[in-house]
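Enquirer: Got these off TrEMBL a minute ago, pasting:
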{"type": "COMPBIAS", "residues": "814-827", "note": "compositional bias 'Polar residues'"}
{"type": "DISULFID", "residues": "CYS530-CYS540", "note": "disulfide bond"}
{"type": "DISULFID", "residues": "CYS557-CYS566", "note": "disulfide bond"}
{"type": "DOMAIN", "residues": "526-567", "note": "domain 'EGF-like'"}
{"type": "REGION", "residues": "805-827", "note": "region 'Disordered'"}
{"type": "TRANSMEM", "residues": "12-31", "note": "transmembrane segment"}
{"type": "TRANSMEM", "residues": "640-657", "note": "transmembrane segment"}
{"type": "TRANSMEM", "residues": "664-681", "note": "transmembrane segment"}
{"type": "TRANSMEM", "residues": "687-707", "note": "transmembrane segment"}
{"type": "TRANSMEM", "residues": "747-766", "note": "transmembrane segment"}
{"type": "TRANSMEM", "residues": "772-792", "note": "transmembrane segment"}
Amino acid sequence: MFLILGHFCSNLFLVLVVFIASCFSSCWVLYGQHNSVTLSSFTYATTVIKPYEWRYISVDLPPWFSSVTIALESNVGIDLKRIGKVSNLPMICFREGSPPLPDVYNTSHTGLVIDHISNSSFGGSQDLQIVEKCYPTQKRIFLTLTNEQIRPGIWYFGLFNGIGPIRTQSKMINRGHSYSFSGNVTVEGCTNSAMLGKFCNQTINLLSCLDTYISPETGIGSQSYKTASNVTTCGGTEESCLHLAGSEVYSLDVVSITEELIITAINITSKSQRSNGTIRGSGISLMCYVRHGAIPLPQLYDYSADIDRSPLVIPLPRLGSWFIKILPANLSASMVVIQETSTTICYSLEWQVRQCPADKAGLNCTTAKCTLQTFLRKNPSVAFESYYLPISGKVSSDSANFPLGPLLSNSSDGDMGDYTWTFFLMDIPYGAAGGNIHVRLTSEAKISAEIYARYGGFPSLSNWDYFYANSTSNSNGSMFFKVYDASDKSVSFYIIYARGGTWSFGLRHPISNSHSSTVETIMSISLERCPQKCSSHGTCQSVLDASGLTFYSFCACGRRYGGFDCSIELVSSSGHMWQSISLIASNAAALLPAYWALRHKAFAEWVLYTSSGISSGLYHACDVGTWCPLTFHVLQFMDFWLSFMAVVSTFVYLAAIDEVSKRTIHTVVAILTALMAESGPTRSSNIILVVAIGSLGLLIGFFIEFFTHRRWISFSTELCLNMLNRWETVKAWIHNFIRSLLKRFRWGFLIAGFTALAIAAISWKLESSQNYWIWHSVWHVSIYTSSFLFLCSKAAAVNCENEPPRPENYELARQNSFSGSNERGGR
């Protein structure tokens with residue numbers, strides 16, 4: 001037996017060893033194939049987004065990330081074929097570098113894709129003004145985006161439950177459908193910085209830029225390019241060989257604003273094993289694909305060229321990593337004779353980064369360049385607000401404005417005729433990506449300059465992110481560019497939610513002459529939290545995103561205005577006045593139940609109705625901006641709590657019970673309604689709960705009254721047998737109960753009260769952000785009128801006429817009668 005058991009254990013141990021070895025080998029193969037690890041993983045708990053609310057989530061992707069997985073679940077079910085108003089559509093928006101803002105303009109929804117989001121929705125290089133894409137929110141969103149689809153950096157996605165100008169408008173109650181979401185965001189990265197790709201299996205050759213590099217005669221230096229004597233260059237060469245079916249990927253970091261990046265291939269040769277020789281000729285072709293921030297693909301790249309014929313010149317490259325992919329292509333017919341599988345192409349890859357001196361820019365380094373210094377504003381309540389001034393000693397730092405005259409270029413760069421450029425460089429903190437760049441230009445004469453802005457590189461006429469030429473030619477149609485002043489002598493515009501990093505502003509202006517030098521032109525560049533200080537129609541609020549990584553600001557507008565900057569008038573002045581009068585004056589309907597309660601000496605109910613009407617009037621006066629004696633939250637709580645209490649106490653008053661029972665019910669109801677008013681006062685289900693609580697209080701009052709006044713219903717065995725055996729007794733009891741119930745109320749008032757209560761419920765349901773003032777005023781009148789009608793419906797309590805005498809009284813009566821007769825007999 002022990003032998004059999006030992007044999008079994010040994011076999012089991014062998015199976016376990018094989019199983020563990022196979023698992024280890026498979027895991028090792030998987031790890032070796034992907035060669036990636038989890039860099040970060042954030043789990044977001046279930047979050048409810050109410051109508052016209054939003055949430056931002058940021059994801060930081062380091063340069064060595066391989067993929068990011070976004071898994072979201074929500075309770076939204078949208079039929080793409082039946083999408084109604086876009087303003088009410090729950091959507092998810094993506095943007096690189098700063099939070100998305102899909103409703104900068106109230107008439108356009110640029111970037112909205114009426115389709116389900118998928119992995120194929122990402123990819124490609126786009127300008128900053130069109131990078132935002134929005135998609136309808138789905139029940140389940142699962143995306144795995146690789147470093148071949150998106151660039152490293154900080155990516156934001158925003159979840160919106162409705163967009164448009166009313167999203168930022170102050171609303172007392174948000175009516176509509178809420179939805180919830182939860183999810184997880186996981187970032188995978190490569191363990192080796194020299195290996196990238198979605199599986200971390202692509203070898204990256206890191207290129208360094210040496211300041212002491214001297215180009216060989218056959219390379220870039222021998223080409224005829226516009227070069228200045230004072231231009232500084234760095235570069236290098238890399239010897240490499242690749243098979244005909246292979247490729248090489250390189251990475252080069254551009255660490256400062258430069259004028260040109262040039263890439264070429266020299267000394268190209270081809271070797272074949274069969275011929276055992278080296279072949280040179282024009283049939284050899286090397287295609288170069290270049291992409292900023294991500295590995296290029298033949299179908300996805302920023303620049304491309306046949307670098308064995310002519311160098312690839314990238315003018316004004318952006319800061320960051322540039323990836324270069326070399327592929328052999330377009331071999332001539334003579335090369336096909338050689339065995340293609342054994343052909344090796346060798347070459348020398350040469351690169352140069354050309355940069356002008358610290359105060360110069362342009363291809364010939366003849367235009368002026370100014371680096372701006374950050375000056376923080378002395379306002380501790382507002383973070384990341386600052387203004388920028390030139391570092392050079394040509395202007396004073398006493399003001400946020402600086403004159404342009406001493407800083408402008410006097411010579412032309414290239415074939416620009418009478419125009420030249422002056423560049424300004426500034427840095428924005430990465431944590432302040434929710435801020436806005438404000439650029440202003442004022443002059444004593446007509447402004448003839450044009451302003452071009454670009455992130456991470458110098459702008460030009462053909463390469464810019466935003467620009468302003470005049471009132472009719474500018475980027476005002478883009479998502480994140482807003483012009484506020486476009487007169488002849490002044491210009492003012494904002495770049496909305498500018499991403500953190502280096503920005504460059506190019507001022508294209510006429511070359512200075514004796515007349516223009518006497519005209520003073522003032523410029524100012526600042527970083528502000530909210531555009532135009534919310535146009536003086538709202539308050540600027542700053543919060544952290546859901547990840548706690550980005551500090552962004554938004555405008556909380558008043559009742560009359562909306563939009564991202566509170567510049568859109570949603571309600572006119574006269575319309576707002578009538579809305580205010582309607583919402584405040586409609587609470588006068590509380591005088592009806594208050595007067596009835598005072599006349600019938602129901603002082604507790606009189607205080608409750610009066611307080612409810614006064615608190616509601618004060619709450620609406622505060623909401624419309626007339627007067628706020630207390631904080632908005634306190635007034636809102638008092639309004640809803642006293643309204644709930646008024647409805648429930650009306651039902652309780654209809655039951656003829658003693659004061660002790662009423663106080664007990666009121667105490668319980670006060671606790672329940674206070675919780676409702678504090679946790680979710682604006683929920684539509686509250687009206688149903690309040691009516692249910694009031695009906696329950698009325699029912700409990702009836703039971704208390706019934707068992708108090710009808711003590712003849714005992715639970716003795718004899719009475720139970722009599723009631724079970726006598727159907728007539730049960731019928732008489734039911735008949736008497738119905739008679740007493742019919743005489744308890746004035747049924748005309750009761751039916752009218754329920755009708756008014758139904759009108760109140762309907763008006764509550766029909767409330768929306770647009771028609772709130774109408775239906776909520778109807779709510780005030782109908783709810784107080786229903787309370788008045790319910791109070792009028794109460795009649796005096798009537799006991800059953802056929803109520804049998806109580807047994808104990810009957811016994812006492814018999815005893816008294818016998819004793820009385822005996823006394824009389826004794827006399």
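Placed from the backbone N, Cα and C atoms, the Cβ positions cover glycine too.
Caution: TrEMBL annotation is automatic and unverified by curators.
Computed from a predicted structure; not experimentally measured.
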Enquirer: Using a 10 Å cut-off, grab the number of neighbouring Cβ atoms around the Cβ of CYS566 (disulfide bond), all chains included.
Expert: 29
Enquirer: So if I exclude everything within five residues of the ends of the transmembrane segment (664-681), which remaining residues of that chain have a CB under 8 angstroms from its CBs? That is, six or more out.
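Expert: Residues packing against the transmembrane segment (664-681) from afar: 604, 636-637, 640-641, 644-645, 648-649, 652, 689-690, 693, 697, 700-701.
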Enquirer: Of CYS530, CYS540, CYS557, the disulfide-bonded residues given in the record, which has the fewest other CB atoms within 10 A of its CB?
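Expert: Checked CYS530, CYS540, CYS557; of these disulfide-bonded residues, fewest Cβ neighbours within 10 Å: CYS540.
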Enquirer: In whole Å, how far is CYS540 (disulfide bond) from CYS557 (disulfide bond) when you measure between their Cα atoms?
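Expert: The Cα atom of CYS557 (disulfide bond) is 9 Å away from the Cα atom of CYS540 (disulfide bond).
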